[in-house]
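Chemist: There's a structure below that I have some questions on.
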Amino acid sequence: MNKELEIIYQNIANQSELGQSSNYDDHYNPKRLYPIPRAPKRQEINLDPNSTTFYGFDCWNHYEVSWLNSKGKPVVAMAVISYDCHSPCIIESKSLKLYFNSLNNTTFPDVETVVQTISKDLSHCIGSEVAVNVYPLSEIASQTIYAAFDGICLDKLDIECSVYHVMPDFLSTSSELVEEVLYSDLLKSNCLVTNQPDWGSVQIIYKGKKINHEGLLKYLISFRNHNEFHEQCIERIFADIMRFCQPESLTVYGRYTRRGGLDINPIRSTEPCVFDGQNIRLIRQ
């Protein structure tokens, strides 16, 4: 990371509540939300922040949603939050957790008001429309939990690893033209600010010259000691594969384990995509 970016993200660390002790609000407080601009990290990996050559969404699942009904009785639910990858900002995850905690003792007349309030606040925070769905537990009791992504699992490859900082030079192709769906459960990086581990699974769908599987797995494992937010890691993987492997089409989909009741699931693609039907829940989630 260059010096300018270090200063930007140090300011984020100082101004946000990541890595700091926090007080919890007794009542609704949208001021707890903290945006983080996408542009600086995209410039670092040569992704034009204003480009329309890639598409995607960030989807968050929140498993600890609660408020009070008009009689003061607690309601519990789950929320699905999604927004386009071209929003100017992402939401800092701890600030989202603190915001949702501020709803715990707040009275709402109905779930529609809860949804409208959350959508309005998050859209204002990131400068782009945010879709919010809130589900009572009865509606998601039958939700399927998948053991793994579809595709060929790279993790069965018997490779030797010694590089744990991002190394795109591991990426290479042969002349054979293929369409493949690959995945790994070995993705691990660290939070850019707190250095806490982020655990995830990643699926790679592409068409083009065949990517060397061993090299791709080594590349994914090389994120192990890398410090970046979830969304930035998935965009870096997308950008590196596009640069070093030059596929005709590419989709990179990350699903991370939860922290503070939240999991983050970014998807980036060369193709226009919608998130409907994509929000599968993996076994570690």
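Glycine is treated like the rest: Cβ placed from N, Cα and C.
Straight from Swiss-Prot, here's the annotation block:
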- Cys191: active site, thioimide intermediate (ACT_SITE)
- Asp198: active site, proton donor (ACT_SITE)
- Ile91, Glu92, Ser93, His230, Glu231: substrate binding site (BINDING)
- Ser93, Lys94, Arg259, Gly260: NADPH binding site (BINDING)
Chemist: In terms of DSSP three-state secondary structure, what is the assignment for Lys94 (NADPH binding site)?
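Modeler: It is helical.
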Chemist: Whole-number answer please: how many Å between the C-alpha atoms of Arg259 (NADPH binding site) and Asp198 (active site, proton donor)?
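Modeler: Asp198 (active site, proton donor) has its Cα 9 Å from the Cα of Arg259 (NADPH binding site).
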Chemist: List, in sequence order, the residues of the same chain other than Ile91, Glu92, Ser93, His230, Glu231 whose Cβ lies within 8 Å of the centroid of the Cβ atoms of the recorded substrate site.
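Modeler: What remains near the Cβ centre is Ile36, Asp58, Trp60, Ile90, Leu96, Phe229, Ile264.
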Chemist: Pop the Cα-Cα gap between Cys191 (active site, thioimide intermediate) and Glu92 (substrate binding site) into the table, whole Å please.
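Modeler: Cys191 (active site, thioimide intermediate) has its Cα 11 Å from the Cα of Glu92 (substrate binding site).
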Chemist: Which recorded positions from the set Ser93, Cys191, His230 come within 10 angstroms of Asp198 (active site, proton donor), judged by C-alpha positions?
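Modeler: Among Ser93, Cys191, His230, the ones whose Cα sits within 10 Å of that of Asp198 (active site, proton donor) are Cys191, His230.
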Chemist: List the recorded positions among Ile91, Ser93, Cys191, His230, Glu231 whose C-alpha is within 10 Å of the C-alpha of Gly260 (NADPH binding site), in sequence order, or say none.
Modeler: Ser93
Chemist: Just name the most isolated of the binding-site residues Lys94, His230, Arg259, going by other Cβ atoms within 10 Å of its Cβ.
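Modeler: Checked Lys94, His230, Arg259; of these binding-site residues, fewest Cβ neighbours within 10 Å: Arg259.
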Chemist: Compare the Cα of the residue listed as 'active site, thioimide intermediate' against each of the binding-site residues Ile91, Ser93, His230 and report the nearest.
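Modeler: Closest by Cα: His230.
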Chemist: What is the separation, in Å, between the Cα atoms of His230 (substrate binding site) and Lys94 (NADPH binding site)?
Modeler: 13
